[in-house]
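S.K.: Before we start, here is the structure in question, set down as structure tokens.
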Amino acid sequence: MWWDERVSARFRRNLQPTLTYWSVFFSFGLCIAFLGPTLLDLRCQTQSSLSQITWVFFSQQFCLLLGSCLGGVFKRTLAQSLFALFASSLAISLVFAIIPLCHNVVVLAVVMAVAGLAMGCIDTISNMQLVKIYQKDSAIFLQALHFFVGFGALLSPLIADPFLSDTNCILSNSTANASSNLPHIRKSLVPHHPGNLSHYDLPMKGMVVTRVSYAFWIMALINLPVPIAVFFLLYKERMVPCFSSSSHPLLSADELAMETRPAEKEDLSTAVQRPRAAGGHDDLFSCCQSKNFRGASYTYFAVHITGALVLFMTDGIVGEYSGFVYSYAVEEPLSVVHKVAGYLPSLFWGFITLGRLISIPVSYRMKPATMVFINVVGVLVTFLLLLIFSSSVVFLFVGTASLGLFLSSTFPSMLAYTEDILQYRGCATTVLVTGAGIGEMVLQLLVGSIIHDQGSYSFLVCGMIFGGLAFTFYALLVFFHRMYPKPSSDMDDASPDKPAAMDDTGQYQR
């Protein structure tokens, strides 16, 4: 294998939980990408206007952010985490099954809000649990985790595509002109910004003819094995109530003896009693309690804030670029044909997924800090070249692919880097996930407003500014990393540089 035996052995010890967390993130990706392509058919199903249906976007994104903040509440024991993941992944399957039954836009928004909450919990808990299991070796497994969300995000539009309406799915006397522009309208829809589509006559009354329900039922069936996998992990860990009388670790005593070196063994009672600095992987509200700040240096807060700001910018770029690159391409000076421009968002997400796949082996050989540096510099240079060659359609496609590659591994690399700085005792996972979610929602709305007022060229200017800010915040993070106090000698055994008995045995904390 291309990694060393120690990491390989650790992966074998935690094979089932690792695969389970990866599958749950596939469920997250499946749910995050279906709404854009199916929104026009859902507009017909609910017989609502374009401006009304885009509120469904907002309900999902806002509740995803809320779920990310609350996800840390369930981290205190493995049982809480797994039950939350089971409920969240099952809720996503139920949402897919219920969406075809929603014939009112308000009901649909509520259902999508439930999906957003489930996705937010999945995002926080899965990242937290992988960091807890692998700690200093977590980078490679986080890269794989985020590959699965990209894979799910690629799959759901492919499932939906055969069932999307080729003509307006509400039949009336005024559908002819709108039907010919349907692909353009579909690609231009982004949260709260139907843009300049108001002049298209899309009827709200008439006979509804759409087959999109089949797509959602297929996705519900595809997602169903995910909660089943989480349930099997609960069963194996004896956490299902009817099997909770006895409990055993995932690793046998013989395997533990083989994998743990005698010099590094430590009495578990001592490890339990060792104080943990400033909380440790709490939810956002617990992290903000004053008791967690006692004795913490200013660099502790600075690392959290700068790490979150880097992801605020980079995840915001992902949201704004995927949402507006089509609209930018079809307008002057490029004036790309609608059908050709429609490939740009798919190209962007395709290279994000490819980049995450490539980053799995790369992250084992390269430090997370180095990967983040390459990512933010690559994003900045790409936007600079896109501005220089703004009249070139060919370079727009090349730049879109390049941005996808550079942005692909930023989140998992930043998470691994920040957790490593904080010795896995801060609130980095919760803060970073929340910061990324806020950035994706806020920057998309901000760029949409700027494009509406200043024109399409401001799309690239905004990207360049956000890229420059991401690089600046990363430079500050590196500066605060150098100033962050090193672990004291009495905590060396628990530091990531030396595997501690509690964290390196492969057992979960209950």
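Including glycine, each Cβ sits where the backbone N, Cα and C put it.
For reference, TrEMBL lists these features for the protein:
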type: REGION; residues: 488-510; note: region 'Disordered'
type: TRANSMEM; residues: 21-40; note: transmembrane segment
type: TRANSMEM; residues: 52-74; note: transmembrane segment
type: TRANSMEM; residues: 81-99; note: transmembrane segment
type: TRANSMEM; residues: 105-126; note: transmembrane segment
type: TRANSMEM; residues: 138-159; note: transmembrane segment
type: TRANSMEM; residues: 214-235; note: transmembrane segment
type: TRANSMEM; residues: 298-318; note: transmembrane segment
type: TRANSMEM; residues: 340-358; note: transmembrane segment
type: TRANSMEM; residues: 370-389; note: transmembrane segment
type: TRANSMEM; residues: 395-417; note: transmembrane segment
type: TRANSMEM; residues: 429-451; note: transmembrane segment
type: TRANSMEM; residues: 457-480; note: transmembrane segment
S.K.: What parts of the chain pack near the transmembrane segment (457-480), using Cβ distances under 8 Å and only residues at least 6 beyond its ends?
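M.R.: Here the qualifying positions are 299, 302-303, 306-307, 309-310, 313-314, 316-317, 320-321, 324-325, 327-328, 369, 372-373, 376-377, 379-380, 382-384, 386-387, 390, 418, 443, 446-447, 450-451.
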S.K.: Which stretch, 81-99, 105-126, 340-358, 429-451, tops the Cβ pairs under 8 Å count with the transmembrane segment (138-159)?
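M.R.: The stretch with the most close Cβ contacts to the transmembrane segment (138-159) is 340-358.
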S.K.: Run the contact check on the transmembrane segment (105-126) against the transmembrane segment (429-451): 3 or more C-beta pairs under 8 Å, excluding pairs closer than 6 in sequence.
M.R.: yes
S.K.: Residue list, the transmembrane segment (21-40) vs rest of chain: Cβ under 8 Å, 6 or more residues beyond ends.
M.R.: 53-54, 56-57, 60, 85, 88-89, 92, 95-96, 112, 115, 118-119, 122-123, 126, 129-130, 144-146, 148-157, 159-161, 164-165, 169, 182, 185-186, 189-190, 212, 215-216, 219, 222-223, 225-226, 229-230, 349
S.K.: Would you mind listing the long-range same-chain contacts of the transmembrane segment (429-451), meaning Cβ under 8 Å and 6+ residues beyond its ends?
M.R.: 61-62, 64-65, 68-69, 71-72, 120, 123-124, 127-128, 131, 190-193, 195, 281-284, 287, 304-305, 307-309, 311-320, 323-324, 327-328, 411, 414-415, 418-419, 458-459, 462, 466
